[in-house]
């Protein structure tokens with residue numbers, strides 16, 4: 001089934017007041033179907049996170065925060081003991097949906113802290129419930145602002161370029177709003193620029209083909225899908241002025257871990273004289289890590305490569321190497337675009353300076 | 001169904017005399033099933049070529065030559081007029097199986113020429129039939145010798161290395177025997193070397209995952225399958241000492257067209273100080289082409305990328321760029337391994353010298 005692409009679909013949208021509902025795009029059905037899941041109970045939110053219907057660190061945090069609001073709807077305002085018992089239940093339950101998602105715990109902790117602080121100051125259950133919804137909305141709004149600020153700084157830095165290439169999905173689907181790398185393109189479009197983006201399909205899980213291509217099409221940005229191995233060719237053809245990707249973790253010296261294939265792009269960009277940018281929020285920096293050498297590379301299941309499309313495409317028993325990430329050394333990065341500004345050149349000193357800035 | 005991998009399966013094998021049969025591996029079923037097709041009539045040979053059950057320029061030529069022998073089995077030795085009419089029918093019919101395959105026409109012309117020369121010298125139909133089988137076997141044997149010579153020269157040049165990377169399928173399945181790039185690895189193994197080969201899966205059609213991984217497994221060479229975007233990472237990890245690929249067409253200056261992604265590998269190899277080699281027979285050189293700039297890049301269907309695995313993996317209507325080949329400039333190639341020796345460095349002068357050599 002082909003869905004109609006419209007620009008006004010938000011990946012996460014809460015409707016109503018404390019008795020409201022949460023709509024999520026089911027990302028597992030993209031790009032073939034655009035289906036909204038309406039969450040009326042916490043179990044549906046939990047399942048959406050667990051089954052990757054909502055994915056991307058910021059988006060998971062936001063969905064979980066709204067999930068707390070929805071989870072509290074099963075208890076009334078008149079039974080305080082039941083309310084506090086339920087709050088622990090709901091937050092523990094949601095925390096188990098993706099046990100390695102840092103943003104999930106961060107958002108749940110923030111929700112609990114707000115409720116506990118108000119309890120200590122004697123606020124009514126009714127008002128605490130309102131405060132929880134406000135907190136979830138604040139988490140949502142802050143992420144939206146971060147995305148918009150990344151987009152603004154990136155669009156200023158790249159105002160001279162119209163032809164881009166990106167990898168994986170660093171878009172709105174993973175966040176509240178504009179995403180990180182894609183925020184730069186969305187903002188350039190908002191500025192009236194006619195741009196074109198080459199989208200790496202991003203093997204093995206095809207986030208570029210499935211999600212980034214979909215997001216760009218939805219916003220009517222001209223985009224061309226390529227296989228990862230074609231990126232060098234389009235660079236050689238002079239059709240790329242800048243490359244922008246997201247990052248999963250950035251060391252104190254600026255070395256950046258991102259989806260496998262990013263390092264390849266950065267090396268190819270240098271060979272073709274094309275600037276390579278990372279776009280990521282300040283929360284991506286792990287200042288406890290001195291350099292990329294300390295970032296462990298997660299290896300994923302061989303089946304993602306050998307059976308990635310529901311069909312066996314390699315001999316049974318073949319040895320497979322499937323690193324989920326690679327690390328791009330700072331010296332290959334022209335700039336790191338954050339919500340506070342662009343770090344360029346990427347040096348330990350300038351990273352520290354931006355991290356300390358407000 | 002998983003097949004047992006054995007080293008003694010040949011992609012093309014003719015059994016018996018002029019009334020014999022031809023066995024072909026059905027490459028469309030690899031790597032999941034190893035099935036031999038026994039061709040007892042020319043229609044089965046035609047269909048095997050048409051449906052890509054046999055593929056690769058040399059292999060198509062060899063299969064077609066044997067196809068002529070089999071096609072002639074429907075007429076007896078006692079009716080000369082029927083024999084010559086049938087020869088035209090069979091060769092015309094086989095020529096229509098893959099209308100753009102140069103080796104196909106070359107092999108069919110060679111078969112017809114032999115028959116016509118013997119007719120002019122008054123040879124009997126019985127003996128012409130024998131001569132046709134001998135010619136098909138000669139085409140087969142010459143290709144085998146070419147593969148073995150490429151393997152020998154490559155193994156000598158790369159005797160110091162044990163860790164390789166290859167792209168697409170330049171193996172025995174496309175030829176009579178050892179293939180081109182894979183001939184180097186097979187010969188090193190014959191020399192007693194314990195080697196390891198990283199195999200790019202080679203999007204969009206996955207010839208690396210489907211065919212090269214299968215051939216290496218069959219010969220018990222240690223191999224690891226990776227996605228194309230992971231090649232830079234394994235180079236960075238110091239796990240690749242040399243890269244060897246095939247080529248489809250080489251210009252007079254050494255610029256080499258090969259499967260999309262080859263140019264990317266050559267650029268990445270240079271950045272990591274790893275030598276990049278092409279292995280190809282002299283017949284691959286097109287001396288009428290001065291440089292790679294004159295080689296047109298074939299674009300293939302978008303569906304290979306968007307629906308490559310029987311499932312839609314990109315939004316409907318997305319623009320796609322799907323170049324089948326790219327051109328690696330001579331200056332990125334450490335050497336071109338041919339059946340006559342290794343051209344290194346790759347210069348117009350040394351290409352001309354090797355082309356003129358015997």
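Glycine residues also receive a Cβ, built from the backbone N, Cα and C atoms like all the rest.
Lifted from TrEMBL, the feature list:
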ACT_SITE  B:248  active site, proton donor
BINDING   B:55, B:56, B:57, B:98, B:207, B:258, B:259  substrate binding site
SITE      B:168  site 'Transition state stabilizer'
What span in Å does the substrate site cover, taken as the longest CA to CA distance among B:55, B:56, B:57, B:98, B:207, B:258, B:259?
20
For the recorded positions B:57, B:168, which one has the sparsest Cβ surroundings, going by other Cβ atoms within 10 Å?
B:57
Restricting to the same chain and to sequence separations of six or more, state which residues have a Cβ under 8 Å from that of residue B:258 (substrate binding site).
B:167, B:168, B:245, B:246, B:247, B:248, B:278, B:325, B:326, B:328
Where does residue B:258 (substrate binding site) sit in DSSP terms: helix, strand, or coil?
strand
CB contacts for residue B:248 (active site, proton donor) [other CB atoms within 10 A, all chains]:
19
At a 10 Å cut-off from the C-beta of residue B:55 (substrate binding site), count the other C-beta atoms across all protein chains.
21
Given the binding-site residues B:56, B:98, B:207, B:259, which one has the fewest other C-beta atoms within 10 angstroms of its C-beta?
B:98
Return one of helix, strand or coil for residue B:168 (site 'Transition state stabilizer'), based on DSSP.
coil
